Amino acid sequence: MSECIGMLLAGGEGKRLGMLTKQGAKPAVPFGGKYRIIDFTLSNCTNSGIQTVGILTQYAPLELNKHIGNGKPWDMNHQHGGVSILPPYTGTKGGDWYSGTADAIYQNMNFIHQYEPEYVLIISGDHIYQMDYQQMLEQHKRTNADVTISVIEVPWAEAGRFGILHANDEQIIYEFEEKPKNPSSNLASMGIYIFNWKTLKKYLIEDANKPNSSRDFGKDIIPSMLNNQHRLYAFKFNGYWKDVGTIQSYWEANMDVLKDNNGYFSLHDRNWRIYTHDSNLPPHFIGTNGKAVNSYINSGSIIYGHIKNSIVFRNVSVQQGSYINQSIIHPNVKIGKDCVLDRVIVMENTTIPEGTIFRSDKEIEPFIINNEILNSMLAPAGGDV
């Protein structure tokens, strides 16, 4: 029996990320020089002592499944518990594609039953943050809550993207609305919930039998529990948290990790490590005329050009005379001589010809570059975009 197990929602397509999710799910998108987005939530589980995690996949899961494997990088390759990948399935008693966040959990109730947990932690694999779930669980138990929702204040201009709630001084939630057109609060749900399992199970079964339900926690389960006067509490989070659901927010979050003080978030915190697969490549190399300033350069990369305020993943080569600024360079990219890349995102396995210039204006979201785009836009000898 486990006191609390985690259910990690990782099946999102992430349409707003455009080309970045054309071949794989959003949680598998590279981030921060050596990681994938899902590494942050999985590492939170490891660091919080959550030893059993079910990962619910759906859209284009191949790269994500390969990355997670048996969970060893996160110390989750246990004989009992550990990490389990839970794709949609069909069986003699139903099953289908997940039609919503609540439906994904409903279809995997048998998995949860194996561990007979008292509490279930529902988390998402597409946010960047460092959080101790044990602190949230302690509050949940202390307040005798039926569900605890982790919340954070967001800019008013972005409030309509989230579930918005009101809570009193005791953090009791008395109003909740999913993605309102005219938000009355900027206190947003982070999509992190702790439920009493017996209560959640009851509501999942009831919701599955409602023909007009959207099978969603924010649209259906939480409002139903609130209407039935269950004890809903807010857990206020004051650290760094970023929903990287758009190209702009993805670029901003990567740039944030380069800042000395970005709101209590650091890849160098030895007490809260971010775990991932090690590529076993040699150290990066910066040549005689190469230069890197305020940048992450990952293993296997060879730099002869100038890198500034940028994130460079593994096995990237940058030739002499090239200048890269405020950009994200994914793994296995080759950049020729005398190129300029300013505020762009270069996808994995892209080859950029000599003399190519890409600049994104600050007024628009950063360009995404891959071989397909290059072939359609540039002449063989390179060009200026």
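Glycine too: its Cβ is placed from the backbone N, Cα and C atoms.
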Alpha-D-glucose 1-phosphate site partner of TYR98, GLY163, GLU178, LYS179 (as recorded in Swiss-Prot), chosen from SER150, SER189: SER189
Maximal Cα-Cα distance (Å) across residues annotated as binding alpha-D-glucose 1-phosphate, namely TYR98, GLY163, GLU178, LYS179, SER189: 22
Nonlocal neighbours by CB distance (under 8 Å) for TYR98 (alpha-D-glucose 1-phosphate binding site), same chain, sequence gap 6 or more: GLY11, LEU56, GLN58, PRO88, ALA104, GLN107
